[in-house]
2 protein chains.
Amino acid sequence: MTGIKYVYLFKEGKAEMRDLLGGKGANLAEMTNIGLHVPQGFTITTEACREYYRTGEKLPDGLWEEIQPAIAEVEKQSGKKFGDSTAPLLVSVRSGAKISMPGMMDTILNLGLNDETVQGLAKATGNERFAYDCYRRFVQMFGDVVLGVEGYKFEQMIHQAKEDQAREKGGSVYFDSDLSAASLKKLVSQFKKLIEAETGKAFPDDPRQQLQEAIIAVFRSWNTNRAIFYRRTNHIPDHIGTAVNVQSMVFGNMGEDSGTGVAFTRNPSTGEKKLYGEYLMNAQGEDVVAGIRTPLPISSLAGEHPELYGQFEEIAVNLEKHYRDMQDIEFTIEKGELYILQTRNGKCTAAASIKIAVDLVSEGLITKEEAVRKIDPHQLDKLLHRRIDEGAKLKIIAKGLPASPGAASGKIVFEADIAEKLGNAGEKVILVRTETTPDDIHGVLAAQGILTSRGGMTSHAAVVARHMGKPAVCGCEALRIDYNSRKITIENQEYTENDVISIDGGTGHVIQGLVPMRDPELSGEFQTILKWADELRTMQVMANADNPVDAAKAREYGAEGIGLCRTEHMFMDPVRIPIVQRMILAQTVEEREEELAHLQPMQEEDFYGILKAMHGLPVTIRLLDPPLHEFLPNSEDLITEIAELRLSDQEDREARQKLYDKESLLKKVRALHEMNPMLGHRGCRLGITYPEIYAMQCRAIFQAAARLVKEGYIIYPQIKIPLVIHYKELEILRQMINKIATEICLEQGVLIAYKVGTMIEMPRAALTADKIAQFADFFSFGTNDLTQTVFGFSRDDAEGKFLPHYMSSGILENNPFAVLDRDGVGKIMRICAELAKSTNPELKIGICGEHGGDPSSIDFCQEINLNYVSCSPFRVPIARLSAAQAALKG
Amino acid sequence: MTGIKYVYLFKEGKAEMRDLLGGKGANLAEMTNIGLHVPQGFTITTEACREYYRTGEKLPDGLWEEIQPAIAEVEKQSGKKFGDSTAPLLVSVRSGAKISMPGMMDTILNLGLNDETVQGLAKATGNERFAYDCYRRFVQMFGDVVLGVEGYKFEQMIHQAKEDQAREKGGSVYFDSDLSAASLKKLVSQFKKLIEAETGKAFPDDPRQQLQEAIIAVFRSWNTNRAIFYRRTNHIPDHIGTAVNVQSMVFGNMGEDSGTGVAFTRNPSTGEKKLYGEYLMNAQGEDVVAGIRTPLPISSLAGEHPELYGQFEEIAVNLEKHYRDMQDIEFTIEKGELYILQTRNGKCTAAASIKIAVDLVSEGLITKEEAVRKIDPHQLDKLLHRRIDEGAKLKIIAKGLPASPGAASGKIVFEADIAEKLGNAGEKVILVRTETTPDDIHGVLAAQGILTSRGGMTSHAAVVARHMGKPAVCGCEALRIDYNSRKITIENQEYTENDVISIDGGTGHVIQGLVPMRDPELSGEFQTILKWADELRTMQVMANADNPVDAAKAREYGAEGIGLCRTEHMFMDPVRIPIVQRMILAQTVEEREEELAHLQPMQEEDFYGILKAMHGLPVTIRLLDPPLHEFLPNSEDLITEIAELRLSDQEDREARQKLYDKESLLKKVRALHEMNPMLGHRGCRLGITYPEIYAMQCRAIFQAAARLVKEGYIIYPQIKIPLVIHYKELEILRQMINKIATEICLEQGVLIAYKVGTMIEMPRAALTADKIAQFADFFSFGTNDLTQTVFGFSRDDAEGKFLPHYMSSGILENNPFAVLDRDGVGKIMRICAELAKSTNPELKIGICGEHGGDPSSIDFCQEINLNYVSCSPFRVPIARLSAAQAALKG
């Protein structure tokens, strides 16, 4: 014995012991302690799992000895005995990490059966068929999960057994439950032979040996590829390990007065306050979850077993009160007696979780702060996705269960690997399967949506899709899938791989071809949550928008201004690009100014539009940022043209002239060519070397502003200088801006309240922030470029080349362009913010890179006391919620 | 009166008051106080100059009032009176900043003369011609310097006066001194008319008005373009201002018992301990400096005026004892009486300054520490430049004075502007002028060497060239320069602009065409200084070398190891590049390993050679760094070829095959193409994604090391991983290296003492140094790349595009790739070093970028407690000295 306690009886634990007992173990303890009718058992701690891995995959010293008295206690409670041939104790062995990883790890049921105890079970229940069914299930599961024999080999034998029985005894033998005791008995023996042939060892008959091997199998299942993948996707640390729960079995398959089911206390799709779930009589739990038999809705239980239903309803209400959240409950009825096997906070759609949170507040169960904290901001993204336009004419080709809301279109693919490959290449695909398994997760992640032909609302596909916010239609039985020929048949109509279909996870419709989609609106509850979030957060939320349409969308979603209005897209307009090119190729400042004079009124209209759309709120306009060669044709095309022209008829005068022109243009393109444009002549380096370009933009801004002020609008233009690395750049450009502003204000006789600030996107700007801050009204972290320079990662190159390898090999946990890298980029941001506030305490500091809409990054922004975040309009609600959650942490 | 004292009599000051009185003023005070015979006067402080600029170019309040009693005191000391018609006091008015800026600012002599006082001067000296000569010089100088009338207009009038006098009076009138009193008197009146015509105002006759205007002129001369340019080149701050020294005149032009001269206490070219200088009898100081009349060597004075020479020798010895340095002394003899006008620490060649420092130590005047501190490491660079090969056959076409040592070849150019333009474009040019002026500095800076036809060893060209370490031949009188036709004639042979010549500043030879040059060796004194430096410094000095030849050179120059051995050049070898290309284009790991197997024995020989050359010292080998596409043909060439092949005969099978091959190659080149290769798939990112490449390099290193150990060599291989951004990269690669090393050591039965470290060249590496340090034996700052990423400057692009503008406009003081940017790059280095030592106090930290050989950067490395610097072999001596100086500062 090591002195460490590795084993806890359920009655010894409590809810607060999640770290040690895992979520499931802590819950079983909690349920036991609040008096629910829970089959008793014990939990082996996560510490034991960690020790198992620490010592090179060996059961910890003393663990096995500690398990013995726990078994004795369970024997005492249940009145059954482990390995006893009269009243045998059977147990389930289940994994249970601190954070739930549904379906990811292994479970063994009915452990404790052997040729002797099965007789005891048959005798005790008076049901030989049931006993052998248990035995068959147990040997099959143990063989598959613990001993690693491939599952399909058992299934083939079952299939054969059904045929044999039908041939020998007659009658329809379609379901497993149609198999007779004799058939099952024979199957058990066949299974054992199979296992011995495959593993070279006899099936263990000793229940204690079974238990020991099952515990090891659960520990091992922590590190399967699918579990590791799931943890990576869900940001669960690898080192925490799983607990193991050993619990005495109760049986839902003891006849028609037995059953098993799963139910949510509220509807996990809509949030409606009504029991929502499914059950099957005369079945064990996995029959419901695996989607092999289509179960009945829980409401049917009210009609068939009103008393049990009443009990269950009461338990549901009490559990919600106790856990102050919607519950996901597993139950079993053994000969008319209701057992609760598990309860946990229910996973549900974003819409449902919002409605539930708001309802729980109005029911007085939780506070507004708790409601805001409850919502996973990552999930909101899905609510803000599109749905099928109501007015669209749809060719509906089938209907299944509306398993996960939202709509999607894409090419049909049948395999998760292909879905992943195409999805990563940017293709939109719909993953179509008879049913999905945990091995398909990477494909689900990469697909736009999921369509299955089997399984219910709680099938694997449905649960995973809802969790990931992917639209899903499940149990679409009209679908015939032929994996070999890669075809679907629906009522004689064939659809092959790569044909485009659409699905509507809200209605269950499967639709032929692409369909028109509409942007989402925010529900009343969503607005309520966001209103609460606004009350709680301390950071401002702004949006990135370059035009009046996006600005209006940002306003609608609650943005408090525009944090980043890029001006380069305005230069790319097809009408303007020839002028822009002439401006770039100008030989003299005068020539350049002439072309700029043509651009100025156009830019003025751009700024007029967006400032007007945001009246009353600030609009932060970033002056021209990209290198000038981005506006010119590319040199490779020119070289090809020139090579061809050279070989053409040189007597032709026109061709000669054309060749000359192309060669001249190529010379200029080459002169502007840069080895590393990301680190080149761009941003304020243009403003410093070609001040006339920035001057034009500023005149356009202040002319537009002056017009609006005269028209009575209240506007707050803010000018943002990109790519600053030295305070003198900002000093010089600020002087220029002030001069232009003063001139125009005096000329137009108006006052314009404007600000001047800078992007912080190069490490040197961050490192010299104390000096730069003295010339700035605001700082705006451009974390895209800052990430590029801090890592030395060119995003264009890294994401296609080595970055995937860096993530899959575990060097980087996340793509740093999606989730802010706190150790590196975050550290320099913190240094910057501290330096800047030391010389300019009034400075407003924010972030406008893509990270501005990422919850974990927003959390970090709050941690380093930033004043605002700015993100794309569609992410504004997420940012509002995330900012509130970050503020609540502080 | 403001209460601030702006005016100090010489006897009120002292040497320590340089900041306030300027170098010259403090020196005059010091000389006065140590009893030298110095013409008396007073100094107006630098504070007055700063106040002048602070108040918008107005003389400070109270200054003028304060000057009056000072004048009275000088009158009392000299027995003369300002503006007096009997015994008039004449004064010089000179600038004098804290740091000497020779020839950069304005000087007025003989101030106080007018039509009345000139009579007094004539009477007092009994020499009317002298008095009018003074008067003529004064009006000319005042007109030019104070009133801004162009100098050549006065010169034209003098020329005319000579012709007039010759015509009217006969005799040869060649020199200014041949002009008669009457001619001079007439000239004065013509000058005054010219001035009135040009400026619209009469020449000021009131000596006090003259003085006031002269003081203002000196203040103003602080901000002429040439002064600003000089300060920028010499890193002198703009804000410190100049003092003004007002000093009573003594006259070297009072006849043949008067004279003036300049002398160094030791030879400024060689350091030899012997008076070295020039003088002219019956002349004023500027005649010597300007190089208009060729003066006599100071040794002649011993023959002609032995008593004066003796006096001067004694003064020289005393001044050296007092100032503990070689002195540069200006003197005047007035009617046989020796006055010291100025003394300062003498500027000299690097070789001379080293010899002088070593001699001063052996003479007991200074300590070793002071000697080491005295040497300007920037200057050493020149000693380490090349000289003409002794064995070369030279076509010597002329001989001048050996004014500044070293040899150079280049195209003849005649104008500083052209020299600058060509020099900046990378052309080697020799600037050829009759004489140079301060306006030519930018040309001197850009030229390889200077050749003048007039002027002596202390002429402007000679002084400036020595200071800049440029070879110079001066006073080459055989040279006839025709600026108009841009030709030189030497003994009837013509050389036109752009003809190539060579000069040898050590012999004074001018040579036709290019000449073979040799690398320098270090003198005994140089070795002595470096030995002292080695005793004093605390940082190690290593060298960057990629092959045994460079390694040997580094050893010879005192490197204590190789701090950076790049391996990419080894891949570029023409024999190897086809293998390297096949390796890169390999489709499978097996194919790649096959090609690497061919490369391995070659790499092994590379490492064998360099490790052997450095036996007993560490060799730090950096694994492959550049992106793989650098080893492939470029896409533009391929596109041209393909376009041509496409238009060729498609019936030709061979052509079709060739087209196919080229297209395939282009596809691969494109696949490897990167938008920003600087931030791309290179450095250890290659080692992580293609571990077989680094594995091959490591095997080659350890195989070579094992052979050497067996052969009895003592070797210290160190493996350096480039471009690390995350500790896991280093962790993974270090494991791989350890595995290979162990295998080879066991196989070969040897022990190899090796280390593994990393480059710190990306901001993220610096910011997470605490983690990375746990896996490293050493850190090596790659400040080239670190500068690129901290600034976001692609060096390839910045230096050709915006960086020159950033420097000329004053945004950046220096090119950050030449001089380490302390505010940005330096700050992150400091953060890195602190983080790293916090987790690994044993870590060795150094620098191996180009900055490793730059004195100011080395100084910073000491400041942040680095352990070593590594630089190119030729800069090792500079680094040794700089490291010692940095250590002495600490």
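Cβ atoms here come from the backbone N, Cα and C positions, even for glycine.
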Out of B:Arg518, B:Arg622, B:Arg707, B:Arg830, TrEMBL lists as part of the substrate site with B:Arg566, B:Glu761, B:Gly782, B:Thr783, B:Asn784, B:Asp785 the residue B:Arg622
Ranking B:312-355, B:427-508, B:523-886 by Cβ pairs under 8 Å to the domain 'Pyruvate phosphate dikinase AMP/ATP-binding' (B:19-295) puts first B:312-355
Using DSSP three-state counts, the residues of the domain 'Pyruvate phosphate dikinase AMP/ATP-binding' (B:312-355) come to 18 helix, 17 strand, 9 coil
Largest C-alpha distance in Å for the substrate site residues B:Arg566, B:Arg622, B:Glu761, B:Gly782, B:Thr783, B:Asn784, B:Asp785, as a whole number, is 15
Nearest by Cα to B:Cys848 (active site, proton donor), of the binding-site residues B:Arg566, B:Arg622, B:Thr783, B:Asp785, is B:Thr783
Not counting B:Arg566, B:Arg622, B:Glu761, B:Gly782, B:Thr783, B:Asn784, B:Asp785, residues with a CB within 8 A of the CB centroid of the substrate site are B:Leu564, B:Asp625, B:Pro722, B:Met759, B:Ser780, B:Phe781, B:Leu786, B:Cys848, B:Gly849
Mapped onto three states, the DSSP assignment of B:Arg622 (substrate binding site) reads strand
Ordered by sequence, the long-range same-chain Cβ contacts of B:Gly782 (substrate binding site) under 8 Å (at least 6 apart) are B:Pro722, B:Met759, B:Ile760, B:Glu761, B:Cys848, B:Gly849
Cβ-Cβ distance under 8 Å, sequence separation of 6 or more, same chain as B:Arg622 (substrate binding site); the residues meeting this, in order, are B:Leu564, B:Cys565, B:Arg566, B:Thr567, B:Lys720, B:Ile721, B:Pro722, B:Met759
Model confidence for the domain 'PEP-utilising enzyme C-terminal' (B:523-886), as mean pLDDT, reads 93
Counting across all protein chains, other CB atoms within 10 angstroms of the CB of B:Cys848 (active site, proton donor) number 27
Students should find that the Cα atoms of B:Asp785 (substrate binding site) and B:His460 (active site, tele-phosphohistidine intermediate) sit apart, in Å rounded to an integer, by 41
Using DSSP three-state counts, the residues of the domain 'PEP-utilising enzyme mobile' (B:427-508) come to 18 helix, 29 strand, 35 coil
Reading the DSSP string in three states, the entry for B:Asp785 (substrate binding site) is helix
When each of the binding-site residues B:Thr783, B:Asn784 is scored by other CB atoms within 10 A, the minimum falls on B:Asn784
Top of the binding-site residues B:Glu761, B:Asp785 by count of other CB atoms within 10 A is B:Glu761
